[in-house]
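To start, the structure under review is shown below, and the notes come after it.
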Amino acid sequence: MWYLLHSSSINVRQKLCILSLCTSLLPRRRPKSKDLLKMAFAGILNEADIAAAIKDCAAADSFNYKTFFAKCGLSGKSADDVKKAFFVIDQDKSGFIEEDELKLFLQTFQAGARALTDGETKAFLNAGDSDGDGKIGVDEFALLVKA
Ligand SMILES: [Ca+2]
């Protein structure tokens, strides 16, 4: 590339074009997702409770949403806090927790936590999806948490 830039066979315009192309290829600094995740439930849940709840369902197919919401402390929180938690889990901010977000549910609580198995994801979705639209809305979520 430097050879091209110093070469007299291309004009200034072409050189600028090459330069801007190279700049656009440079990696951009991204926020550290681990830090974001760590802060996601700050002010709502306490970290030790989250860690205990995650540890409790570390084995595949051992996830139970009732146990989890009780252990992490969410079931004892106010309707407002439950709503805040919903919007953390609704990663794409669509207003619903879709199946792919449900699968990565545990990872929104703790970076590096396992994904739910397909069976766990389906069972979780079926438990919450009372109107049968294939996703969990904020009211359905509130009912699940308090179940
Ligand atoms: Ca969503």
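Along the chain as shown, the residues are counted starting at 1.
Each residue, glycine too, has its Cβ placed from N, Cα and C.
TrEMBL does not curate its annotations; it predicts them automatically.
Copied over from TrEMBL:
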BINDING   ASP90, ASP92, SER94, PHE96, GLU101, ASP129, ASP131, ASP133, LYS135, GLU140  Ca(2+) binding site
DOMAIN    77-112  domain 'EF-hand'
Of ASP90, SER94, GLU101, ASP131, LYS135, the binding-site residues with C-beta less than 6 Å from an atom of ligand 1, in sequence order, are ASP90, SER94, GLU101
Students should find that the Cβ of LYS135 (Ca(2+) binding site) has, within 10 Å, a number of other Cβ atoms equal to 20
Helix, strand and coil residue totals from DSSP for the domain 'EF-hand' (77-112) stand at 21 helix, 1 strand, 14 coil
Students should find that the Cβ of ASP131 (Ca(2+) binding site) has, within 10 Å, a number of other Cβ atoms equal to 10
The mean pLDDT across the domain 'EF-hand' (77-112) is 96
